[in-house]
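**Student:** Attaching a single structure in C-alpha cells format; questions to follow.
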Amino acid sequence: MAKKVAVIGAGVSGLISLKCCVDEGLEPTCFERTEDIGGVWRFKENVEDGRASIYQSVVTNTSKEMSCFSDFPMPEDFPNFLHNSKLLEYFRIFAKKFDLLKYIQFQTTVLSVRKCPDFSSSGQWKVVTQSNGKEQSAVFDAVMVCSGHHILPHIPLKSFPGMERFKGQYFHSRQYKHPDGFEGKRILVIGMGNSGSDIAVELSKNAAQVFISTRHGTWVMSRISEDGYPWDSVFHTRFRSMLRNVLPRTAVKWMIEQQMNRWFNHENYGLEPQNKYIMKEPVLNDDVPSRLLCGAIKVKSTVKELTETSAIFEDGTVEENIDVIIFATGYSFSFPFLEDSLVKVENNMVSLYKYIFPAHLDKSTLACIGLIQPLGSIFPTAELQARWVTRVFKGLCSLPSERTMMMDIIKRNEKRIDLFGESQSQTLQTNYVDYLDELALEIGAKPDFCSLLFKDPKLAVRLYFGPCNSYQYRLVGPGQWEGARNAIFTQKQRILKPLKTRALKDSSNFSVSFLLKILGLLAVVVAFFCQLQWS
C-alpha cells in the first residue's frame with residue numbers, strides 16, 4: 001500500500017511536492033486554506049489573514065530559464081522575467097499537465113499536526129483540518145510543510161521612538177497593492193530590500209517626494225547582465241561558484257564589489273553597504289539609480305526618532321511633512337499547527353537538517369519545503385528538496401544519526417553567519433549552486449563531470465561554464481528525463497525568443513567584430529616576431 005503524505009499549502013513548494021510524491025508512487029493529499037493555487041504569487045486586491053500578499057506590479061527577480069521546474073520548461077514565448085500573473089499561469093499549466101489539482105482540498109485549514117501514539121514505531125501523524133466550519137482528522141505516514149515564510153509582517157515599532165506621536169499613515173509593505181491614492185504625498189519607506197525598493201520606485205513617479213531609509217546600505221543590481229542576458233544565467237555557473245569557493249574571501253569580496261559597481265558607483269549614490277565583506281543579498285531593481293538621479297527618491301540613514309509630522313535620522317538630518325511611512329521590514333514566520341518541540345522558531349531561526357528535517361525525531365517523516373532563501377531561484381531549490389524528501393519517506397534515501405545532523409546544523413549556521421551576517425533577514429540565506437549540488441548528491445542526480453568529459457565533452461563544458469539550471473539534475477539518476485540534454489542546449493533560444501519581436505535581416509556570420517579580433521590576434525603575433533628579430 002502506498003504511503004499517505006499530507007502536503008500543507010498549494011503554493012510553489014506545495015505543487016512541486018505533490019508532483020514529487022506522485023513520481024515516487026506516494027499518495028498525497030494537499031490542504032490549501034484558500035480557494036486557489038499559487039501561494040504568494042497569486043495577487044489579490046485585499047490582504048487576507050494567514051496568507052502571503054504581494055503588490056500588483058511584482059515581477060520575478062529570477063529568470064524563467066533559471067526558475068522553471070526541471071522537467072517542464074516554461075513556454076519559449078514567456079518573457080524572461082515574469083509578472084506575477086504570468087508566473088501563476090505557468091503554475092496552472094504545470095498543475096494541469098501533471099493532473100495535480102485532484103489531490104488538493106481547497107478552503108481547508110490545518111489546525112494541528114500531532115504524533116500518533118505509536119510514532120516511535122510507525123512514524124505516523126494525526127492531522128486535524130477544518131473546512132466550512134467542520135473539523136476532520138486523518139492519519140498520514142508523512143507530512144510535508146509547504147506553508148511559506150512570508151506571512152507574518154515584521155514591524156519593529158519599538159525601534160522607532162516617537163512612533164506613537166506620528167499623525168500620518170503607516171503600514172507594512174504587505175498591505176501595499178498599487179500607487180493609487182499616494183499622489184502628491186511625501187513618503188518614507190523604511191527598509192531597502194527588494195520590496196522596499198520596488199515600492200519606492202513605483203510611488204516616486206507620482207508622489208511629491210519619496211525617501212528610503214537603509215540601515216546598512218545595499219548593493220543594487222540590474223536584471224540585465226553581460227550582452228543583455230538575464231543576470232542569473234550569467235552569475236550562477238559552476239565555474240563562478242568554484243571561484244567563489246576556492247579564492248580567498250578578500251578576493252571574492254573585491255570581485256563582487258567590482259561587479260556591483262560596474263553599473264554605477266554605489267558610494268556616490270549613498271548606497272554602499274556598511275560592511276562590504278558580508279555577502280548580503282543584492283537588490284534586483286532596474287530603476288533605482290535613475291530615480292535617484294532624477295531626485296524622485298532620496299536615500300536616508302536609519303530613522304532615529306519620529307515626531308508628529310517629521311522623521312529625524314541618525315546623521316542629524318530631518319525631513320518634514322511626512323505623510324506616509326511604509327515599513328518594508330520583512331517577515332517572521334511560525335507554524336501554529338505544529339507543536340513547538342517539532343519545529344521551534346527562535347529569533348526567526350529554525351534548527352533543521354539541510355533546512356528541511358528536524359534532527360530529533362525518531363522517524364524522519366516530517367519535512368519543511370521552501371523554508372530557505374537561496375541566492376538564486378526558490379523554485380528549483382524547493383523541487384530538489386521535495387525530490388530528496390519523498391525518497392527519504394519511501395526509504396530509498398536515509399539520514400545520518402541525530403548527532404551528525406545536529407553537528408551539520410551548527411556548522412552550517414556558523415558558516416551562514418560568517419558569510420551573510422546575523423541579521424534577522426538573513427537567517428535562511430544559503431549559497432545557491434552549492435546547495436543544489438548538495439541535495440542532488442543525496443538523490444543521486446548530480447552530473448558526473450569527469451565521466452561526461454569523455455562521454456559528452458560538449459555537454460560537460462556547457463554544464464560547467466553555462467547557467468546552472470534545473471535541467472542538469474534530470475540528466476542522471478532517479479527521475480531522469482530524456483529531454484534534459486536538449487533543454488540545456490536550447491535554453492538560449494528560449495531566452496531570446498520573446499525578445500525577437502521585430503524581424504531583422506540576417507546578418508553575416510563573418511561579423512566585423514570577429515574580423516577585428518582576427519586582425520588583432522595577427523597584430524600581436526607580428527609584434528611578437530618583430531621583437532624577436534630585433535632582440
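Glycine is treated like the rest: Cβ placed from N, Cα and C.
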**Student:** According to Swiss-Prot, one residue in Lys158, Lys280, Lys492 is annotated as SUMO cross-link; name it.
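**Tutor:** Among Lys158, Lys280, Lys492, the one Swiss-Prot marks as SUMO cross-link is Lys492.
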**Student:** Among Glu24, Glu32, which residue does Swiss-Prot name as a further FAD binder in the site formed by Gly9, Ala10, Gly11, Val12, Ser13, Val40, Trp41, Asn61, Thr62?
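**Tutor:** Candidate in the recorded FAD site: Glu32.
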**Student:** How far is it from Lys492 (SUMO cross-link) to Gly9 (FAD binding site), counting Cα to Cα, in Å?
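**Tutor:** With the alpha carbons as reference points, the distance is 33 Å.
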**Student:** Name the one residue among Gly9, Thr60, Ser195, Gly196, Asp198 whose Cα is closest in three-dimensional space to that of Ala2 (N-acetylalanine); these are the binding-site residues.
**Tutor:** Gly9
**Student:** Long-range neighbours only, meaning 6 or more apart in sequence with Cβ under 8 Å: which ones does Ser197 (NADP(+) binding site) have?
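**Tutor:** Sequence-distant Cβ neighbours: Ile212, Val220, Val283, Asn285, Val288.
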**Student:** How far is it from Gly11 (FAD binding site) to Ser195 (NADP(+) binding site), counting Cα to Cα, in Å?
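**Tutor:** Roughly 19 Å, rounded to the nearest whole number.
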**Student:** Find the longest CA to CA distance in the recorded NADP(+)-binding set Thr60, Asn61, Ser195, Gly196, Ser197, Asp198; express it in Å as a whole number.
**Tutor:** 15
**Student:** Where does Thr60 (NADP(+) binding site) sit by DSSP, helix, strand or coil?
**Tutor:** coil
**Student:** What is the nearest of the binding-site residues Ser13, Val40, Asn61 to Ser195 (NADP(+) binding site), using the Cα of each?
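**Tutor:** Closest recorded candidate to Ser195 (NADP(+) binding site) by Cα: Asn61.
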